[in-house]
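Chemist: Quick one: the structure is below, questions incoming.
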Amino acid sequence: MEGVDHLAFERNKAQFDVDAMKIVWAGSSHALEVSDRMSRLVASDPAFRKDNRAMLGRKELFKNTLRKAAYALKRIIELRLSEEEASMLRSFVDEPAFTDLHWGMFVPAIKGQGTEEQLKKWLPLAQKMQIIGCYAQTELGHGSNVQGLETTVTFDPKTDEFVIHSPTLTSSKWWPGGLGKISTHAVVYGRLITDGQDHGVHGFIVQLRSLDDHLPLPGITVGDIGMKFGNGAYNTMDNGVLRFDHVRIPRDQMLMRVSRVTREGKYVQSNVPRQLVYGTMVYVRQTIVSDASTALSRAVCIATRYSAVRRQFGATGGNPESQVIDYKTQQARLFPLLASAYAFRFVGEWLKWLYTDVMTRLQANDFSTLPEAHACTAGLKSLTTSATSDGIEECRKLCGGHGYLCSSGLPELFAVYVPTCTYEGDNIVLLLQVARHLMKTISQLGSGKKPVGTVAYMGRVEQLMESRSDVQKAEDWLNPSAVLGAFEARAARKSVACAKNLSKFSNPEEGFLELSNDLVEAARAHCQLIVVSKFIDKLQQDIPGKGVKQLLEVLCSIYALFHLHKHLGDFLSTGCITSKQGSLANDQLRSLYSQVRPNAIGLVDAFNYTDHYLSSILGRYDGNVYPKLYEEAWKDPLNDSVIPDGFQEYIRPMLKQQLRNARL
Ligand SMILES: CCCCCCCCCCCCCC(=O)SCCNC(=O)CCNC(=O)[C@H](O)C(C)(C)COP(=O)(O)OP(=O)(O)OC[C@H]1O[C@@H](n2cnc3c(N)ncnc32)[C@H](O)[C@@H]1OP(=O)(O)O
Ligand SMILES: Cc1cc2nc3c(=O)[nH]c(=O)nc-3n(C[C@H](O)[C@H](O)[C@H](O)COP(=O)(O)OP(=O)(O)OC[C@H]3O[C@@H](n4cnc5c(N)ncnc54)[C@H](O)[C@@H]3O)c2cc1C
């Protein structure tokens, strides 16, 4: 039934102001207005069609992406869109492309590591897209271990140039997005060598292709690394391979904010920490956390709407069968993901604030919060992307068989999303960085250095080692201080246990390797504490709209108690709660799910996604799933003809053969 809202009866159940929640989700009325306008602009333009991606071959798919990128830029110029609007428009086009790396890494790398002069020269070119850039760090042999990169960049004082070279096969740059076919330039990371001395990894702006004919410049070998996971998915991106054969670049193309090489070939370190060379990764990890909430909320929106449409079993007395969303098992799998999407939104907002604050301090040569920013971006990137990847897959299962169809939108979403667990830092490697930060914090407790920021609770470690939860009944778990107390005690006790075990090793690095599983768990507990505490902080703000704050409180409790239940072993073994308190948390969780149930559709409507963006028949706003699924099936190229290609050639003779055998 075209034009009928099959989910209207669900929308009528909502006990809160959905429009007010849309503002909370978007971050402000202004952000909602811009995102609403940009998403509709993209959705209403057939040039941005994306429902055919799974059917296209690689070359067609890639050409289509180039067309969309050029068209998006044309619209941005025609409509005189602001930077904010342009970036929103690109995100609603919803197709991984070389532009992500150009705007997301190439431009930030220059901004973060370039000198004033370099910004003046390169940024206008990049901003007008007169050059297109990528971020060429990872090599065939090394990704996680950045210090292990092998590309050499040797200063030649005779010509005032650097000579870039790929000395081994494993030094070939491998993976950079946008590199394979499109980028004219790259920020290349390599080992800086002056006068025979190796100064470690630094960034350089390198032109790769001619601006006239787009051919690789002399000494450069470049191409695409091949098909990746999923059919459409990330194959719209030209991840590339790059080799240098003694390629020369002028000295002023070294990004020189952190350190520089003089005309005479002297290496000079500025007063900023050398870790700023890693600054672009910190920036992108921060954006990845907000993006996690977007990806998870898309999957949850699809699974929630479909769960309200889908009915199985339970027809009694002429009543229809039960909606699957009413099954408690469905709720216990779906609603924690819904709560996580909101939790990641708010922790993403906070992380953005933290990052901006660190940047402001850096301008004033205050580097004190850099370790905190590194630990938070690394840890939260790891936690949210792992949870989101698992969450998207869970949403696919929550949609039963139809979730496996590409037209559900979920397979492609998963395939596009899952590399976030690896890129911008493997998730385990990043948790180990958090663990180092935690161990360092504990080791400094005796020195009188007061821990601040997200590790401030470590300052109360003695008290946290002794504390006991005073929860007596299920509702006590609704008290934020009860939840915070339990999460802080668990995180502190896990870290302290690791620190104690580490101290038994004479070689700390050996100990770190041996205990790395425990350290990863301690880091995870710390990151979950950050998410819970930032959700609680958000609820301290004035949040207008009927029922909005109350519902967010419910979601916050679900996020926290779900993790308490899931990691009950941790909470019990560290002794911060009793098994009775653990089972009270579970009782409370059941009651919270019942409170979400009537509001579930409203809560996913608050994401304000267009059907174009969701790209899912199961997640359609109007819930008109079955007729559209049926219609869609007939569009498959296999159904273009009644008898498929290959039938006459292969199957007909087989059938005839069997017929003959049967007659024998
Ligand atoms: C428009 C927006 C769109 C956005 C979308 C964008 C496109 C999306 C598509 C994206 C496509 C994907 C694109 C891509 O994938 S780009 C490639 C991304 N690659 C990686 O992420 C590599 C991961 N590896 C590393 O980051 C490092 O090598 C690690 C950290 C693992 C070790 O490193 P190393 O062996 O050197 O370090 P150390 O352990 O000895 O530590 C040394 C000291 O340094 C400190 N430290 C370490 N790291 C940082 C840091 N970052 N900031 C500040 N400080 C840092 C550390 O705490 C320690 O401090 P201290 O204890 O000594 O005080
Ligand atoms: C889709 C995609 C896009 C990418 N885009 C870019 C780009 O634009 N530019 C760019 O420069 N790079 C890019 N990369 C590369 C990416 O950043 C790296 O692949 C990533 O950092 C992981 O490094 P690796 O491949 O070396 O993994 P490895 O480190 O080899 O990981 C293999 C396994 O070893 C484990 N491991 C490694 N070290 C340790 C340790 N110390 N302790 C315990 N376990 C460990 C890991 O957990 C993992 O299980 C991209 C990658 C992908 C998949």
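Yeah, the Cβs are placed from backbone N, Cα and C, and that goes for glycine too.
Straight out of TrEMBL:
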DOMAIN    17-132  domain 'Acyl-coenzyme A oxidase N-terminal'
BINDING   Thr138, Gly177  FAD binding site
DOMAIN    278-439  domain 'Acyl-CoA oxidase C-alpha1'
ACT_SITE  Glu424  active site, proton acceptor
DOMAIN    479-656  domain 'Acyl-CoA oxidase C-terminal'
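Describe the structural context of each listed feature in the structure shown, including burial, neighbouring residues and relevant distances.
Modeler: Over the domain 'Acyl-coenzyme A oxidase N-terminal' (17-132) the predicted model carries a mean pLDDT of 96.
All chains included, 18 other C-beta atoms sit within 10 angstroms of the C-beta of Thr138 (FAD binding site).
The Cβ of Glu424 (active site, proton acceptor) has 25 neighbouring Cβ atoms from other residues within 10 Å, across all protein chains displayed. DSSP gives Glu424 (active site, proton acceptor) a coil state; it is part of no helix or strand.
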Chemist: Taking only same-chain residues 6+ apart in sequence, whose CB is under 8 Å from that of Gly177 (FAD binding site), what do you get?
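Modeler: Looking at Cβ-Cβ distances below 8 Å from Gly177 (FAD binding site), excluding near sequence neighbours, one finds Pro96, Phe98, Asp100, Leu101, Cys134, Tyr135, Met237, Asp238, Asn239, Gly240.
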Chemist: Which residue counts does DSSP give the domain 'Acyl-coenzyme A oxidase N-terminal' (17-132) for helix, strand and coil?
Modeler: 90 helix, 0 strand, 26 coil
Chemist: Please report the DSSP secondary structure of Thr138 (FAD binding site), reduced to three states.
Modeler: coil
Chemist: For the C-alpha pair, I'd like the distance in angstrom between Thr138 (FAD binding site) and Glu424 (active site, proton acceptor), rounded off.
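Modeler: Counting only the Cα atoms, the answer is 10 Å.
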